[in-house]
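S.K.: The signal peptide feature in TrEMBL is assigned to 1-19. Feature annotation from TrEMBL assigns domain 'Phytocyanin' to 20-118. For 123-147, the entry in TrEMBL reads region 'Disordered'. What TrEMBL records for 123-133 is compositional bias 'Low complexity'. Feature annotation from TrEMBL assigns transmembrane segment to 151-168.
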Amino acid sequence: MGSTAAALLLLAAVPAVFAVTFKVGDNAGWAGGVDYTTWVSGKTFRVGDTLEFKYGPSHSVSVVDKADYDGCETSRPTQSFSGGDTKINLTRVGAIHFLCPSPGHCLGGMKLAVPVLAAVSSAPSPSPSGSSPSPSPGNAENVKNAESKRTMSYGMIGVTMVLMYGVIR
């Protein structure tokens with residue numbers, strides 16, 4: 001077996017991480033009147049994924065700790081974003097807390113807690129009970145899209161490897 005074929009086999013054996021971009025609030029975006037607790041349920045967020053916040057000029061995005069999230073305390077953000085289109089890469093495992101610091105917005109429900117899991121380095125394994133949680137009807141499409149994107153990425157890597165092999169041969 002030539003070194004090229006060995007390299008391709010090695011590439012096939014090395015798992016890859018596939019990131020998904022989630023548009024916060026779906027079509028409503030980052031705005032008042034959206035139930036972000038419902039929005040986050042049924043979704044799986046992993047290190048490497050991205051949250052995209054789209055919002056109007058009366059809003060912004062602050063990253064806060066859990067205590068400030070719980071109390072809607074807006075004066076001590078660890079990060080602040082404005083401009084209407086903010087993409088935040090999820091870089092660590094654990095809950096990450098966001099809120100809108102505009103007066104009254106957090107108290108009105110403009111806050112989001114995102115539980116982040118470790119990145120997947122291979123195909124997901126079935127849950128111990130053999131069943132997976134069923135997403136609520138409102139989230140089924142987003143869950144389906146996220147898993148579809150991850151699956152599509154595996155397919156693209158396979159096609160790329162076959163094409164590379166044909167070119168290198």
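Cβ atoms here come from the backbone N, Cα and C positions, even for glycine.
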S.K.: Please count the residues of the domain 'Phytocyanin' (20-118) that DSSP assigns to helix (H, G, I), strand (E, B) and coil.
M.R.: 14 helix, 35 strand, 50 coil
S.K.: Let me know the model's mean pLDDT on the domain 'Phytocyanin' (20-118).
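M.R.: Residues in the domain 'Phytocyanin' (20-118) carry a mean pLDDT of 97 in this prediction.
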